[in-house]
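*Asks:* Pasting in a structure now, in structure tokens, and then I'll have a few things to ask.
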Amino acid sequence: MESQQLSQHSPISHGSACASVTSKEVHTNQDPLDVSASKIQEYDKASTKANSQQTTTPASSAVPENPHHASPQTAQSHSPQNGPYQQQCMMTQNQANPSGWSFYGRPSMIPYTPYQMSPMYFPPGPHSQFPQYPSSVGTPLSTPSPESGNTFTDSSSADSDMTSTKKYVRPPPMLTSPNDFLNWVKTYIKFLQNSNLGDIIPTATRKAVRQMTDDELTFLCHTFQLFAPSQFLPTWVKDILSADYTDIMKILSKSINKMQSDTQEVNDITTLATLHYNGSTPADAFEAEVTNILDRLNNNGIPINNKVACQFIMRGLSGEYKFLRYARHRYIHMTVADLFSDIHSMYEEQQESKRNKSTYRRNPSDEKKDSRTYTNTTKPKSITRNSQKPNNSQSRTARAHNVSTSNNSSGPDNDLIRGSTTEPIQLKNKHDLHLGQELTESTVNHTNHSDDELPGHLLLDSGASRTLIRSAHHIHSASSNPGINVVDAQKRNIPINAIGDLQFHFQDNTKTSIKVLHTPNIAYDLLSLNELAAVDITACFTKNVLERSDGTVLAPIVKYGDFYWVSKKYLLPSNISVPTINNVHTSESTRKYPYPFIHRMLAHANAQTIRYSLKNNTITYFNESDVDWSSAIDYQCPDCLIGKSTKHRHIKGSRLKYQNSYEPFQYLHTDIFGPVHNLPKSAPSYFISFTDETTKFRWVYPLHDRREDSILDVFTTILAFIKNQFQASVLVIQMDRGSEYTNRTLHKFLEKNGITPCYTTTADSRAHGVAERLNRTLLDDCRTQLQCSGLPNHLWFSAIEFSTIVRNSLASPKSKKSARQHAGLAGLDISTLLPFGQPVIVNDHNPNSKIHPRGIPGYALHPSRNSYGYIIYLPSLKKTVDTTNYVILQGKESRLDQFNYDALTFDEDLNRLTASYQSFIASNEIQQSDDLNIESDHDFQSDIELHPEQPRNVLSKAVSPTDSTPPSTHTEDSKRVSKTNIRAPREVDPNISKSNILPSKKRSSTPQISDIESTGSGGMHRLDVPLLAPMSQYNTHESSHTSKSKDFRHSDSYSDNETNHTNVPISSTGGTNNKTVPQTSEQETEKRIIHRSPSIDTSSSESNSLHHVVPIKTSDTCPKENTEESIIADLPLPDLPPEPPTKLSDSFKELPPINSRQTNSSLGGIGDSNAYTTINSKKRSLEDNETEIKVSRDTWNTKNMRSLEPPRSKKRIHLIAAVKAVKSIKPIRTTLRYDEAITYNKDIKEKEKYIEAYHKEVNQLLKMKTWDTDRYYDRKEIDPKRVINSMFIFNRKRDGTHKARFVARGDIQHPDTYDSGMQSNTVHHYALMTSLSLALDNNYYITQLDISSAYLYADIKEELYIRPPPHLGMNDKLIRLKKSLYGLKQSGANWYETIKSYLIQQCGMEEVRGWSCVFKNSQVTICLFVDDMVLFSKNLNSNKRIIEKLKMQYDTKIINLGESDEEIQYDILGLEIKYQRGKYMKLGMENSLTEKIPKLNVPLNPKGRKLSAPGQPGLYIDQQELELEEDDYKMKVHEMQKLIGLASYVGYKFRFDLLYYINTLAQHILFPSKQVLDMTYELIQFIWNTRDKQLIWHKSKPVKPTNKLVVISDASYGNQPYYKSQIGNIYLLNGKVIGGKSTKASLTCTSTTEAEIHAISESVPLLNNLSYLIQELDKKPITKGLLTDSKSTISIIISNNEEKFRNRFFGTKAMRLRDEVSGNHLHVCYIETKKNIADVMTKPLPIKTFKLLTNKWIH
């Protein structure tokens, strides 16, 4: 606005420059209203300082900081205008002003404002100047500038000093709104203060210091007019100005008062809202304070009505006065006076009670007689958590005040109900009654009454939020509710047995009920006034009655002692009994930690010790109530049963007669354990333990030997530690009489330090019980930890140290404290603890290369003693490190799931437990660049030699006779022949192919499993109790772990625990590195199998129910309850048998160690649970050896005639290079050439059949006019690139007929001779399987057709020439093609376009979009595969009509019309199908396999044992380089091509259970080691043994006319080379398996969840395409389901929270998956891992697991 004014009017005529005024901003935290004399000098100094820092010159003017300031412009001189005030402009400075005078000094034109028309307004003349003040001392405005030293005198002097540097004060902003006037006044007052006019401004507390002058008044008026336009002034300001325009000071004074009044109002409201009164001050003072506040607010125009005022007052009441909240909050017409009357009454009664408190004080001797857990010396308060509320991070809080004694003081915590001024009913004893009340004791025998309790009455409690009662006699509708936990004021838990209703029947026949909690662990029955108020019942202590809000009296109140009571006669009894309450089944709370998890977390300590520790806070972070103890009583830990098996218990208290009482750390017990044999040299063989007699604090130290100096070093260390850390001196050390303690060196050391050695007497083992029991306990823990984690034996002392840390933190049942508490140390924070052996990933600070993985798999051992880190074992580095740079590996539970643990994993519990600690670590981490070489905090403590441990029973290696026979090619001459070594590059592209499932270079594996000590009798004691207790409450997440060994075989016996095996490698017994494990019978075998994903376990009675598959419902994907049931129904899922009790055989001895190999195989791989162990035995069941192939391939060269020749050059093959070259393999030739079939064929009969087939083919070619027979071309006349070589090929068809085919050599066809954009389409196998499945469900007729010489019906557009057939004898001539000859690049596409056009135009068909070669109309569906057609229709006549039309154009043969109602056999595209309409369909290849497999020259074992699985877990492909002769290598590759080619053909047709093994071996075609060949033979042997198996379909009988398409997905995390994951999917239509896929993930996944997401995302596109196909072929509605055993994946899919995807590698894929699931209406359901049939697609499985998952759909 100001800029516009400057541009519209001419500048003033005086001055040569227009300088902008700037100043330093005044601090915003300074209050401009504080204008007291003490602040004036401060503002003056600030103004002077600000002015001294700003300069303005004519050449450069400062940019104005105020947006209302005019931009600097050059002033121009003009002659004065005629008449006064004809120009308007902003008041501008024409020259610099002296310090102390701001914003005037030269004539200025002030713009007119409406109120300038006032008669009181006196405008200045055009040449008049602003007032000038005389330069006198003491005048603030006349202070000369320190820079110039001049005083502002006149305009001429000012003009002469125009160029001098002056300081200016920032003007106030323009007023823009009436609502902002008070804020503007603040800035205006600040402006006046900075202009040295602060002393003329009055404040709310004092008048102005001096009177203003006329010049100052003119200045105020002009500046006020300038910056406060009248249109923006408030009404009250305009009223003042209308009366006296110059009364600016009145406006400022009133504004200051208003602002201070507003501040006081805010303070009053804040004080009123934060009132607090507990009786510590007189009630009169409290009333006066509140009344004054209410009066001030009312006077300031803020009236507070009675209701609001009472609410403020009641909110501030605490202590005993809190009761008034409940007594008065229901009153509608409540007044402040009434409320204060009650407060005065309670205050007077409180004072009276204090004076007479000795009368009611409880006798201290009576307190000692109270033997209850809750002594009730103070009032306990209870906190209630309702775990049934999902997504509620804050617990519900309840206060249950349990009072048994009178309170000695008043305060906020003493929430008792006091009497009023009216005399209450006083009972001096239990027999004294008033008001005619009857004290009738309930017939129920109460427990634990307090002496001051009034029997038969309920204690009224004003502070309790819940009602508690000890007897079940009055509880209605009782049910257990363990989710509600109550604690008293001392934070002690009050166990709650049940929850129910407490029903009242009052004296006016009023009936009501409130909720009540049942517990026998309280001193009184508590009645919560809070819950009574919720049902409109209040306690009036002036009348001593319970009444309703309308004043209706319900029951009298009795005062007995210090408390108020209500009789139980108003309670209605129930029929429930106390045993019924106590025996109600406790349901599982999902928010609680399962006891097995805590049991394992705390080193497998017993439940009693853990409970004592949690109750006494020796274990911190969570409470006893946070653990589900429902299974603790009958829970049997299998690892504890094995690791802690003992003969008998020690005698308790046996040492008391040998010693006196000592102070802490004065009496120590010590003992040495060892040696432990068969360990690396770096691992300790002994340990020495110390136990303090008083505190029971334990220390353990490792020892490598028992020499004197080693023992002395430990004693020196422990004594110094106790002296420095605990300021104590050891007086006595009790030891046995071992030589390590009785030697002279140690004796002198003890004597020198004044320590008395106390030795045990001979044959008195009881005297040394403390040390012996500690060693036994620690060893039990050690065995249990190693058994549970599966870590190698050389880490045994780490398990001892972990146990010691935990044991020192567990409370003793006898002392109720832990050793750490006795020693004065803080409790152990369990959030910093990890389970022993927990898989983690440790950051590699210095990798081998920038592309090398930065994470190293490891296993957590125990917290570090020397840092805040954790000791972690890294198998790949053979080290233990001390580091904080680790991440817990999700889904990994080491060997926790070995015994199934009732199908428990604890990922969610562990995440929840360590969340705060991890967040603390994360918040204190320093971000560092990955490219910098920074010193790591890794402390490599020991170099561990990881050589395999030798088992105690040496295993003999089984060698077949052929194994000892050396190959005939390895002769003396071969050593003298030079070798041509060919090496492949070491590093190759990891993405070799879509199904790359090969081992990479050696990586770390799971360390070997420790041996288990046998008992003295040579075997484990037989356990008559089951090792496993079913716990169906717990859900689990996917978990996988790696453990590698070659010493594994299948076990014939099988328990339900094995159903979760995953990622178990293929095994073979023929390899050179294999070791044969002695046979073990079923009765003598203990299954030790690591599960991939322990799943939800249910009770045996529900093993066959649908509850094994738990659907996850969402509003988007599952709109109806029965949708999930319909999806799961009819699926060929396995029926899980009930889990039998697992018993250990008497002959059970010891487990052989797992010989860990540092490899990463595709048949198991790192991160997978693929290890299991059998027990050594001389016997072995028949099925245990069924995967063994006795025929060795060492006789290979005996069949080769070239073996008689001198050895040739050898070729060295590297595994990775061979894998990379797999995709470039040329297919092997399965047909015969002309010379092989006819010219040189010595089989006369076969030769004649081939000749007949040859002539038949030639006649067909001539009949179809395949080439131009009118002219033969000379070869020289034709462009060579248009000449196509041709040949005859011969083969024998499946039906036994001999076939000849004249084909072109399309493999050498020039690119210019065909259109590369044309596609040769055939029906997709999934389309065929879908059509077959729909045909079975809809009773379709299936007709099979064949079109002879189909390609020859398609014309060829290009100009191509071929050589004539051989029988014509014209080798130098060429003929021009007219038809699409077989073999040409374009022939398939030409035929496809030809037949497609005919079917659409002539037969009325249409092709299904997205599914080539699938045609349909309203009646018929056609699947086309080159020249084979399969027709499906409801009416057979529809098929016949299509056939007639086809015969009109093509030579069509009906292979099978399909008109019979009996079983019909088809041979469709290699599948042998048995079909009976409306009943079943069976798909197999028995006849074809019976014919083909024997011709493969595979060493079959037809009379031997049959294989029960395609491969066995435990063996890894040796990655060492091969060195083979060139010819030998080519022959083996050729054989591998034949074998894998046949297996792939079978697997992708219908044997989907073999796809994992097929894909794995397919990657090793160019790496034909003896091991790979033997594994391939084993696969072919299994196919041969199961050649009669069929894919079985039965007609579905859906409840609704709908189709159900389901995909079951699974992933095996990180079990492939380069840490890639294997994914597998199985597709089912109406419960029938129609396809499967097993492949390696295209990207490296970082977690099991990401692998599962990748697997599901790979399945969704095909699922959607199949859905479209089904809807096109069958117009029924379709339901699409997606089943996975990963709950975390389901949670991500159904969640609407997108923040969890941030900083996640799989965020994009997960978001896309969520969109696809939502957009395509997919129903995402959970399936147990035990029932996940897709498991066979991702990993090798044990025999019984494999059978269990496949026997319902392949048999």
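Placement of Cβ uses the backbone N, Cα and C atoms for every residue, glycine included.
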*Asks:* Check Swiss-Prot: it lists GLU1652, ASP1685 as binding Mg(2+) 3. Then name which of ASP1574, ASP1588, ASP1610 it lists for that same site.
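*Replies:* Mg(2+) 3 site check in Swiss-Prot: besides GLU1652, ASP1685, the record includes ASP1610 out of ASP1574, ASP1588, ASP1610.
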*Asks:* Among ASP1346, ASP1355, ASP1372, ASP1518, which residue shares the Mg(2+) 2 site with ASP1427, ASP1428 according to Swiss-Prot?
*Replies:* ASP1346
*Asks:* Write down the single range among 1146-1172, 1173-1199 that appears in Swiss-Prot as region 'Disordered'.
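*Replies:* From Swiss-Prot, the annotated region 'Disordered' range turns out to be 1146-1172.
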*Asks:* Could you check which of 583-640, 757-814, 1221-1278 is flagged in Swiss-Prot as region 'Integrase-type zinc finger-like'?
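*Replies:* Checked against Swiss-Prot: region 'Integrase-type zinc finger-like' maps to 583-640.
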*Asks:* Any idea what the model's mean pLDDT is for the domain 'Integrase catalytic' (660-835)?
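*Replies:* The predicted confidence over the domain 'Integrase catalytic' (660-835), as a mean pLDDT, is 87.
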*Asks:* Within a 10 Å radius around the Cβ, which one of these binding-site residues has the most neighbouring Cβ atoms: ASP1610, GLU1652?
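*Replies:* Of the binding-site residues ASP1610, GLU1652, the highest Cβ count within 10 Å belongs to ASP1610.
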*Asks:* Based on Cα distances to ASP461 (active site, for protease activity), point out the closest of the binding-site residues ASP1610, GLU1652, ASP1685.
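*Replies:* So, of the listed binding-site residues, the one sitting closest to ASP461 (active site, for protease activity) is ASP1685.
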*Asks:* What kind of secondary structure is ASP1610 (Mg(2+) 3 binding site) part of, going by DSSP in three states?
*Replies:* strand
*Asks:* Please report the DSSP secondary structure of ASP1685 (Mg(2+) 3 binding site), reduced to three states.
*Replies:* coil
*Asks:* How many helix, strand and coil residues does the domain 'Reverse transcriptase Ty1/copia-type' (1338-1476) contain under DSSP?
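*Replies:* Residue counts for the domain 'Reverse transcriptase Ty1/copia-type' (1338-1476) by secondary structure: 34 helix, 50 strand, 55 coil.
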*Asks:* What three-state class does DSSP give ASP461 (active site, for protease activity)?
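*Replies:* Going by the DSSP assignment, ASP461 (active site, for protease activity) falls within a strand, counted as strand.
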